[in-house]
Amino acid sequence: MSTVTTRIAPSPTGQMHIGTVRSALFNYVWAKHNKGTFLIRIEDTDTERNRPEWTQMIWDDFEWCGLIPDKKYIQSEHAPRHRELLERLVQEGKAYVSHEPSKNDPNIEVAVIRLKNPGKTVVFNDLIHGEITFDTTELGDFVIARSMDDPLYHFAVVVDDADAHVSHVIRGEDILSSTPRQILIQEALGFSRPIYAHLPLILSADRKKLSKRHHVVSLADYRDEGILPEAMINYLALLGWNPGTDEEHFSLEQLIERFSFDGVQKSGAIFDRTKLLSVNQHWMRELSDDDFSKHLDVGLPISHKLPISHKIVVLLKERAKTFKEAQEMLLGELSCLFSEPTLDRNQLSIKKPKERPSMTKTALEGLLEPLKALPEGISAEAVKEAVMPLADAEEAVGKGGRGAVLWPLRYALSGQERSPDPFTLISILGTKEAISRIRKAIAILKK
C-alpha cells in the first residue's frame, strides 16, 4: 500500500461535536495503523460564523483526546490556490461564470461559477458500503464557487485534499451524497481519486440523528462532566466498529493495532450514555491514587482539596461513574469524612413509632467496647465481623432488628440519611474518630 494520509476538517463554528471526534479517531487510528500521516485542516471559510476561540478549542480538544496531528492546516491560507484552479477550469472550458439572480434577493444579479457536468455515471468503491453508483445527470451544472474568491465546500475540499496528498477520505455517512460532485471536480482538475470510507451515523435511542437540540453532543460537555479522554476514545471507537470479540476496553494504542474497516458496520450506531458511563468507570478504576486525586481536585473547593486516602479512592471508584459525580459525593454524602457532622436527635433513632431514644442510646453504648478493641486502619470487612453480632442479638436491640443498631451507628458517623455503610465509614475514619462520634451521639440522646 502507498503512504496512507488521512485528515479531519472541522469548522470553527462552535463546540466540537462528538461525531467529529469519532471521525477524527477513525482517521487517526487508520493512519497510524498503516504508519501514515494524520492531518487536521481547519475549514474557516465561513467568515460570518467562524471565531478564533473556536479554532483554539479545536486544537485543545484534539490534544485532550490524544489525537495529535502530524500536520496542521488553515483552509483560508490556501485561498490563492483555490482561485488559481477556479480560473484554470474556466479558461479550459470545464467551468463557466453564470450570471443569475441572487437567492437572497432576486433583484440582485450575482456571478457564480458552475462546473460543466459531463452527465456521466460515477462508480466508486467505499471501504464500508462497497461499490456505489451515482447518476450525475440530475445534478446539472452545479455551483462550485460564489465568486473567484469564494469557493464552495465541494471545490475547496477537493483541492485541499489533493494538495495534501490525502489517500483516504474517512467521514460521516451524511456526506456520502456529496461524493459524486467531488469526484466530478477531481476529474475536471485531473486529480487522482482518494479511497472513501463513509462511517455510520451516530443515532439517539429513537434512531434519529444525534442533535444538540435534544442531546448532549459536545466534547466539552462530557469533559466537564468528568469523562476521561481514554473513556471517550474507547467508547467512540465502539460506535460503529466491532473488534470481532467480546472485548470492550481499548487504549488508543490498542485501537491503532487492532483497527480495520472490516469491523465497521454499515447501519447507524446507537449512542448509549449508560454504556459510556460504564466505560468511563472502568478507566477511572485504572488510574493510580495520585492520578485519580488530580482529576478529582479540578473544580473542588479548597476545603476539600485534601490528601485523599487510598480507602476513599477505592470507595469513589466503586460508586462514581464520572469525576463530577465523585466530586458531588465528596461534597455530599462523603463530606462526613472531612468534617464532623451536625446530628439531629430525632434522626438518631430508627424510624419506628415505638422506638425510644433510650433504646438507641443503649445500642450505641454496646458498640463502644467492641470498637475499642479494633486497631486503626482496620478493613471494613473486619469492622462488620465485630459489629454484626451485636446487630443480630435481639437483646441488644430491644427486638428492633438490625436497623436499630446499624441506622443510628451510620447516622452518628455521617449525620446523613444517605452515606456509605457504617463499616466502611469506620474503616475510613478510623476507630478513634468513630468512637468519638458515637459518644457525641450518645450525649445528644441523653438530653
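Even glycines carry a Cβ here, placed using N, Cα and C.
Going by TrEMBL, these are the annotated features:
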BINDING   Lys212  ATP binding site
DOMAIN    4-102  domain 'Glutamyl/glutaminyl-tRNA synthetase class Ib catalytic'
DOMAIN    109-276  domain 'Glutamyl/glutaminyl-tRNA synthetase class Ib catalytic'
DOMAIN    310-442  domain 'Aminoacyl-tRNA synthetase class I anticodon-binding'
MOTIF     10-20  motif ''HIGH' region'
MOTIF     209-213  motif ''KMSKS' region'
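Each residue of the motif ''HIGH' region' (10-20) gets a DSSP state, and the totals for helix, strand and coil are 3 helix, 1 strand, 7 coil. Taken as a whole, the domain 'Glutamyl/glutaminyl-tRNA synthetase class Ib catalytic' (109-276) shows an average pLDDT of 94 in this prediction. With DSSP classes pooled into helix, strand and coil, the tally for the domain 'Aminoacyl-tRNA synthetase class I anticodon-binding' (310-442) is 91 helix, 0 strand, 42 coil.
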